[in-house]
Amino acid sequence: MSAAGTGKKVFIKTFGCQMNEYDSDKMADVLRAAEGYEPTTDVEQADLILFNTCSVREKAQEKVFSDLGRVKHLKARGVKIGVGGCVASQEGAALIERAPYVDVVFGPQTLHRLPEMLARRDAQQRPQVDISFPEIEKFDHLPPARVDGATAFVSIMEGCSKYCSYCVVPYTRGEEVSRPFDDVLTEVASLADQGVKEVTLLGQNVNGYRGRMGDTAEIADFALLLEYVAEIPGIARIRYTTSHPNEFSQRLIDVYARVPQLVNHLHLPVQHGSDRILSAMKRGYTSLEYKSSIRKLRAIRPDISLSTDFIVGFPGETDDDHARTMKLIEDVGFDHSFSFIYSARPGTPAAALHDDAPRELKLARLQQVQEAIEANGRRIGQSRVGTVQRILVEGPSRRPELNAGHELMGRTECNRIVNFAGPARLTGQLIDVTITEAYPHSLRGEVLLRERSPQPA
């Protein structure tokens, strides 16, 4: 039953990963359907303020409490405040003790209960906390998504069962639970019917997907799911994130040869180049095994773009360990990375490890990692100049100085942003552009005129 037209507004601030972005969209959908809330980007106009949090790094966690303090004054006019996501899951009722003006605390698996929690808050006149792990229940209680554009996220699983020594995800999101195979396909088909051309399949470890097929006992793995998603009419591109190298199997690699909709880009977190550190992280593979997987993939897709994650300054990291990370970067040729200094998370095994490396050394190592990968990115970007790239046009350029000139932006298969001049009617379309310039984090192109088309690269 729709509750549209109430005039109530919700402000949602999202921290962290794409899973959180997806969850924030679902919070908005749930609140719109149940209570008529409409999203706002102006916190001062909100009747409800939600922070969807991340606890992967200490800085992100502390920023949540800083932001809470900044909106506390809005309670005077009856605004409700909620905290969801991984910090909420980790802190639970302790969050209320630290910020007693918070009305609701909910975990990633209980966001669908938001309307009920808010109602109980009013009825009982006390804060509500629900950070339970009701497996995949939330997907059965979410209203249909409202599509805005030609791209969409689709969550295919929740949680992680890898228990890396530094990571809180298994404790904040629970162990791996896969959505039923048919449920995922139904959602993707619905999105395609609404004009979506590109889907990004989400999970903490998507290649660990094991979804039940219909009413049978059969289980679909991630490779099979990709093949079925590719058969859905209208889906031109498939992305996924995040993966774990342990389950980047030959069966999954072979899908790249059979499914052209699978984009020419892979994000595969390696975290470190030293086998000694990888073992301490409990990652379960060696740098050689990681490179072997990449070599097999490049035998099928020679020009695939690769991005990754690196943790610098893990307890006990030596100069030799760091040198091995730099060698891995050189050997693999990553296009992009998310690189951070290690941040001890309470309750994880790594938090008990002795860490005596000075922060200045860690910062220097981080800079070396980032500079090496940025150099790779610049080289790869320059190599695209003069080539033809197919891009999916997402909308106006995000660079303010270009918007006055009616600039648009889109992404290549390799996830490079391309800015170009063109009419707004191209939004949502797949078009060919000739790349004319390369910048550190984007490309510039011209819409290809068919009558004078160069050969695609």
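Every residue, even glycine, has its Cβ placed from backbone N, Cα and C.
Fair warning: this is a prediction, and the values are worked out from it, not measured in the lab.
Over in Swiss-Prot, the protein carries these features:
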- 8-123: domain 'MTTase N-terminal' (DOMAIN)
- C17, C54, C86: [4Fe-4S] cluster 1 binding site (BINDING)
- 146-379: domain 'Radical SAM core' (DOMAIN)
- C160, C164, C167: [4Fe-4S] cluster 2 binding site (BINDING)
- 382-449: domain 'TRAM' (DOMAIN)
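All features noted in Swiss-Prot, drawn onto the structure.
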residue: C17; record: [4Fe-4S] cluster 1 binding site; Cβ contacts under 8 Å, 6 or more apart: C54, V56, T242
residue: C86; record: [4Fe-4S] cluster 1 binding site; Cβ contacts under 8 Å, 6 or more apart: G16, N20, T53, C54, S55, V56, G107, P108, V168, V169, T172, R173
residue: C160; record: [4Fe-4S] cluster 2 binding site; Cβ contacts under 8 Å, 6 or more apart: C167, V169, P170, R173, E175, E176, Q204, N205, G208
residue: C164; record: [4Fe-4S] cluster 2 binding site; Cβ contacts under 8 Å, 6 or more apart: Q271, M281, K282, R283
Local Cβ density at C167 ([4Fe-4S] cluster 2 binding site) - other Cβ atoms counted within 10 Å: 22
C160, C164, C167 excluded, remaining Cβ within 8 Å of their centroid ([4Fe-4S] cluster 2): K162, Y163, Y166, V168, V169, P170, Q204
Cβ atoms near C54 ([4Fe-4S] cluster 1 binding site) (within 10 Å, other residues, all chains): 21
Secondary structure composition of the domain 'TRAM' (382-449) [DSSP: H/G/I, E/B, coil]: 9 helix, 34 strand, 25 coil
Tally of residues which DSSP labels helix, strand or coil - the domain 'MTTase N-terminal' (8-123): 67 helix, 22 strand, 27 coil
Whole-number mean of pLDDT values that fall within the domain 'TRAM' (382-449): 91
